[in-house]
Amino acid sequence: MDLGLRNWVIPLLVTDSVARSALRAEGLGVIPKVTKHLLSNPVFTCIVLAACMEIAVVAGFAAFLGKYLEQQFNLTTSSANQLLGMTAIPCACLGIFLGGLLVKKLSLSALGAIRMAMLVNLVSTACYVSFLFLGCDTGPVAGVTVPYGNTSAPGAALDPYSPCNKNCECQTDSFTPVCGADGVTYLSACFAGCNSTNLTGCACLTTGPPENATVVPGKCPSPGCQEAFLTFLCVMCVCSMIGAMAQTPSVIILIRTVSPELKSYALGVLFLLLRLLGFIPPPLIFGAGIDSTCLFWSTFCGEQGACVLYDNVVYRHLYVSIAIALKSFAFLLYTTTWQCLRKNYKRYIKNHEGGLSTSEFFASTLTLDNLGRDPVPASQTHRTKFIYNLEDHEWCENMESVL
């Protein structure tokens, strides 16, 4: 390169790079203003919060569903996880597909989409209400729910340690329940007073002759528990499929309620809030509620360990009630959105035709990399004005170029 030309080009490139960096730094300052502008739209805010509530139910309910099946229906951990993987997850995927198919086939407007979301929410909430009645009781557990030797003694002290097992040196660091011939569950064969490895001669079983004082591994079965589990599994599949059908209508409403230039950023705000509000707090809330229903905690080296036995009835009612409360809150948000759209549809919906063209999804093709290379039409001379000065009545037409 000629020396004179080089001396002219290099400063120009440096100056252009510095200008771009300054533009980029100043442009990022509009992000809080754009976010405030989006959240000031009640339809956008309600739809985002409703989606967060729906995801919160999935995140919190599904996080402990394996433990729930294990405690309520006496399933093993592996069996519970396998059943969930083979039933609930495929049904949820089918629900997402059906939701999108219905929106397309019926050519739903924003009002039609919000009505569909409200209907789907009501049906799925009814499925959750039915879970309150599908489960099994804890049953008699010696030293925890009933005293040793006398299951009907009122006011008797409940203590896992009893004179019948005082010489066994039983430990509570693990939970290996056994079912006695008397129909009572014991925390382990040691707590049942069994003096042999074949689970016979158990001193804590006082009913019947000594030769019948035997136990078998596992909790004692509850009557009607198998039938309740099959019903629960069927309702769970239907609930997963119907609940997932609300995802597509929610996204349709969200992208129609913002201007074409802000659709990409609006989706980014949606997924950010879904992760902050929908995935982080719900497992903590569900977990704290479940721990409050514990009947017996394991101990290891004198310190409290994990919960090994729950009050199944209280567990079921609290666990399902939290999910119902979240679903109900989502329904209120859907109702608020419907009221806003019904009263002033043209104010909140930016594309009244109901269709989304390619130009609406990719509204801004101007980026910082090609800024200054292509000639800008006269009608677009002020496209980047928003980067420097955002007013309430102006649209962010170049948000994609900033991000």
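From the backbone N, Cα and C atoms, a Cβ is placed for every residue, glycine too.
The model shown is predicted, which means the values in this text are computed figures rather than measured ones.
Annotated in TrEMBL:
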type: TRANSMEM; residues: 43-63; note: transmembrane segment
type: TRANSMEM; residues: 83-103; note: transmembrane segment
type: TRANSMEM; residues: 115-134; note: transmembrane segment
type: DOMAIN; residues: 158-206; note: domain 'Kazal-like'
type: TRANSMEM; residues: 229-255; note: transmembrane segment
type: TRANSMEM; residues: 267-290; note: transmembrane segment
type: TRANSMEM; residues: 318-341; note: transmembrane segment
The domain 'Kazal-like' (158-206) [mean pLDDT, rounded to integer]: 77
Leading stretch by Cβ pairs under 8 Å, where the reference is the transmembrane segment (318-341) and the options are 83-103, 115-134, 267-290: 115-134
Beyond the flanks of the transmembrane segment (83-103) by 6 or more, those residues with Cβ under 8 Å of it: 62, 65-66, 69, 75, 113, 116, 120, 233, 236-238, 240-249, 252
Number of helical, extended and coil residues in the domain 'Kazal-like' (158-206), per DSSP: 3 helix, 5 strand, 41 coil
